[in-house]
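Worksheet for the structure shown next.
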Amino acid sequence: MRKRMSQILTLRRPDDWHLHLRDGAMLRAVLPETTRHFARAIVMPNLVPPVVTAQDAAAYRARIMAAMPEGAEFTPLMTLYLTENTDPEDVAAAHASGLVTAVKLYPAGATTNSASGVRDFDKVRAVLEKMAEIGLPLCVHGEVTDPSVDIFDREAVFIDRVLDPVRRATPGLRVVMEHITTANGVDYVRAHDRDLGATITTHHLVINRNHILVGGIKPHYYCLPVAKREEHRLALRAAATSGDARFFLGTDSAPHIDPLKESACGCAGCFTATNTMSILAHVFEEEGALAQLEAFTSLNGPAFYGLPANETTLTLTKGDPVTYPQKIDTADGPVTVFDPGFPLDWHAT
Ligand code: DOR
Ligand code: ZN
């Protein structure tokens, strides 16, 4: 990172290692929000129907490219949605051709559009073994779906019941624990030197569970995994700002139109693509760690995925508060931009 003056930071251009772009009108509306600041993103496959085969991923990639704003320089990194019927050879061919960068594991029923996910891990054993053999990373939504497990404990229980056994059974499998929300997740990553990384979202560095529930329910702060106690938020902040190469940015920016969020049964997801870099600069400055911001947003992720860091740059300038739109308009309806609850003084250009 080159630090020109105290209030200007120039970073290698960031990447988003976990992003929901959706499809159709929503894709067209939210894609510019990401391409404005980011060079690449791992694109989640939980469409309806999901992106399951190499053919699905190629078609989705073409739709993203067709929606690209004029002049944008952005590379979508495609993923496949792991099902109990996924064919190891289809996955291997998709990887060999450069079409896919990772495979996504959703435990069935864990979150939005996860019904086709995995129930019986024995049924995906051959795919996981093939992935270990060819070095294709598995991105994991790490929550158990057992109804008897409290929603605030689902990540910690997943690590013990599912993640650790799967990793032990599949030596060499490279795993990204997606959107970790607990000190348990941070500790598990720190305890393992090889083949393990974790993404951390912007919003989980900002909110704890009080933000969702105190003083009235705040549907725009509801996401999965749900934000936990303050001690967990602080553990995530410590991990993100530590410079430890195993932790990197995955915003999990997940747009839903307002009527689906502000509802008696509201969808999970925080939409942070628009203001993420300003929020992160604020958070890292608060932690006295601006010098580690580039590692988190621009260096650690490419290193884990074996890709070069971007040569282009993003400049963050501190000044008068930046005004971001409160909502993004889409042809399907408005999408509310995540409100960090503090003024944003860092402007990204
Ligand atoms: O909050 C979330 N929203 N968590 C997920 O895992 C899925 C995502 C979505 O697709 O809306
Ligand atoms: Zn997600």
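Placed from the backbone N, Cα and C atoms, the Cβ positions cover glycine too.
Bear in mind that the values here come from a model prediction, so they are computed numbers and not experimental data.
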Q.
Suppose a student reads TrEMBL and sees H18, H20, K104 listed for Zn(2+) 1. Which of D244, D252, D258, D320 should they find annotated at that same site?
A. D252
Q: Out of H179, H192, which one does TrEMBL list together with K104, H141 for Zn(2+) 2?
A: H179
Q.
The substrate site in TrEMBL lists H20, L21, R22, H141, L224, H256, A268. Which one of N46, N208, N210, N275 belongs there according to the record?
A. N46
**Q.** From H18, H20, H179: binding-site residues whose CA lies within 10 A of N46 (substrate binding site)
**A.** H20
Q. Listed binding-site residues: H18, L21, K104, H179, L224, A268. Which have a CB under 6 angstroms from an atom of ligand 1?
A. L224, A268
Q.
Below 8 Å Cβ to Cβ and six or more residues apart, same chain only. Which residues does that give for D252 (active site)?
A. H18, L19, H20, E178, H179, T199, T201, H203, C223, G269, C270, T272
Q.
The record lists H20, L21, R22, N46, H141, L224, H256, A268 as binding substrate. What's the largest Cα to Cα distance among them, in Å, rounded to a whole number?
A. 19
